Amino acid sequence: MKLHAVLKTMLLSASLAVSSLHAEPVYVVSTAIVEHPALDAVRDGIKTYLEEHGYAGDKMRFTYESAQGQPAIAAQIARKLVGEQPDVIVAIATPSAQAAVSASQDIPVVFSVVTDPVGAKVVPSLNQPGSNVTGLSDMVNVKQHLALMKEFLPELKRIGIPFNPGEANSVAIVEAMKAAAAEMGIEVIESAAPKSSDVMIAAKQLVGKAEAIYCSTDNTIISAFESVVKVGIDAQIPVFAADTASVERGAVAAVGYDYADLGHQTGELVLRVLQGEKPGDIDVKMAEGTNLFINSKMAQRMGVTIPQSVQQRANKIY
Amino acid sequence: MSTFAFLGTLEIGFIYGLVAIGVYLTFRVLDFPDLTVDGSFTLGAAVTATLIVLGFNAYLATLAGALAAACAGLVTAWLNLRFNILHLLASILTMTALYTINLRVMGKPNVALIMEPTVLTPFESLGIPNMYLKVLFVAACSIIVGLIVAWFLNTQYGLAMRAVGANTRMAQANGIVVKEKVYVGLALSNGLVGLAGALFAQTNGFADSTMGIGTIVVGLAAVIIGQSMFSSRSMVVIVLSCIIGSLLYRVAVSLALNADFLGFTASDLNLITAVLVGLALIFPQLRNEWKAKRAKGAQQ
């Protein structure tokens, strides 16, 4: 028995010595529930950040799997990733994060763009989660969004929100918006669009009922965003967005995150884990960064003027 | 494929084995193409997850999930039998309605079960590592349920049900109450699918409003793959081949996930899976054709 133990220790130390000589590349695996520009930007942002911070070239192996929108596939991917014994699993968006957390007992999981991580039970608490999991929440700052709309339309009384009632992240934002708007005496009018082909009708439902349309980071709405823009132009209702990427596609203005930047912020957390910190000791990070994008052409076509104050502090004007 | 990934593949395969048995009952036994399953899979998960979060016993919650899904099957059967709505359309109506009902049941699109007690909790004290425990549990569930269904199909009642699907007029002429068999068949089928949804939610830690999408395709693929591998008249073999078909389907998905080395990317998954399943379907037929050719050659 003793000899066995001694041999084992020797082998172990030998293999450790070898591995430090060759500097094994770190292995980072990532997965997302679907592929779309915002989530892809997050993934690429994480990779770039790690490459810029000492894991360039052959110092890191980085893989990616997409669940093609199917939770059963997300579950299978999570098992596959855990089985590969990577250094970190990066799980992007709620269902992928839940699948990864449920599959992994001790391999560190860093989630990204999960709006309500405690509600989704990915972590027991935001501060010092204590488990093998930490990550980044992208709960949007609805008060800031309301204030921006109010700057454009000081008389604003009713905001229309088209959204998919089947998307957890989106429902959380609508609820937050309702609470924040009520405080300012603004009414929120919901309009449901369960599929991207319903988005046009959902937007039309808001004509005559709302003075502004607000599109949250709802995957269904974003994928058919152009049809909301079209309704906005035809009915002369300004369309605002929660993500800056939508401004180029026709929103009048948006103040929000740049998803590549959210990738960098997630990358910071991944880096800390790779450097040996326990995920459970790292607080869940709330997404930061407010870019203001405006689209002057669209403002004109939707019949609103851009206030001087907004014009002056815009980071980008289309 | 790592052991952990392989066990995960088996686990999900066994759970969807229950879906395959359900789809077999409607699609093959009753000749009733039933798309309700896309909604009843989620309904089973939604009811179970909601009840567990409310503090109900996980076994009671699972039973309630399966029963709720069985009721969804009854609705489809009712629309079809009472109002003569085409079976496919009746099931699409129920499935569409279930999307809303599932959101209502959960009160939100996603209910998390991570850290909640599940049907596995009583076994966790046995000291079996979790990854093995999950597989053993779902394997036992799907095999036991499969054997019960096989036994049921061999009873007088089950034979009558099979007769309804094989030849409705003949069955009627022999005094079989056709409508009742369709009601029971659809309830049983969707109940099994709901049970699968309930187990999936508990072993994977969440119920999500989108989780049922494509259930019918997965179930059908499993039934067809399974039956193309084993040809038998024994109900036990047929029902168990549904489970094996489901396992093979999951292995195909796993292979598709590992296809990076061929230059495929993550977004090619659906195509690769379809091609692999397609090959599994084509192969037995080609084999039969070769055999027939050879036999002909030998005769001449």
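Positions of Cβ are set from backbone N, Cα and C atoms, glycine also.
TrEMBL labels come from automatic prediction, so no person has curated them.
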Completion exercise
TrEMBL feature transmembrane segment, matched against B:39-56, B:111-128, maps to B:39-56
Exercise for the section: Spell out yes or no: are there three or more C-beta pairs under 8 angstroms between the transmembrane segment (B:131-153) and the transmembrane segment (B:6-27), with each pair 6 or more apart in sequence? Expected result: yes
Problem - Contact yes or no, the transmembrane segment (B:88-107) and the transmembrane segment (B:6-27), 3+ Cβ pairs under 8 Å, gap 6+ - result: no
Fill in the blank from the handout: Of the listed stretches B:6-27, B:206-225, B:269-286, the one with the highest count of C-beta pairs below 8 angstroms to the transmembrane segment (B:39-56) is B:206-225
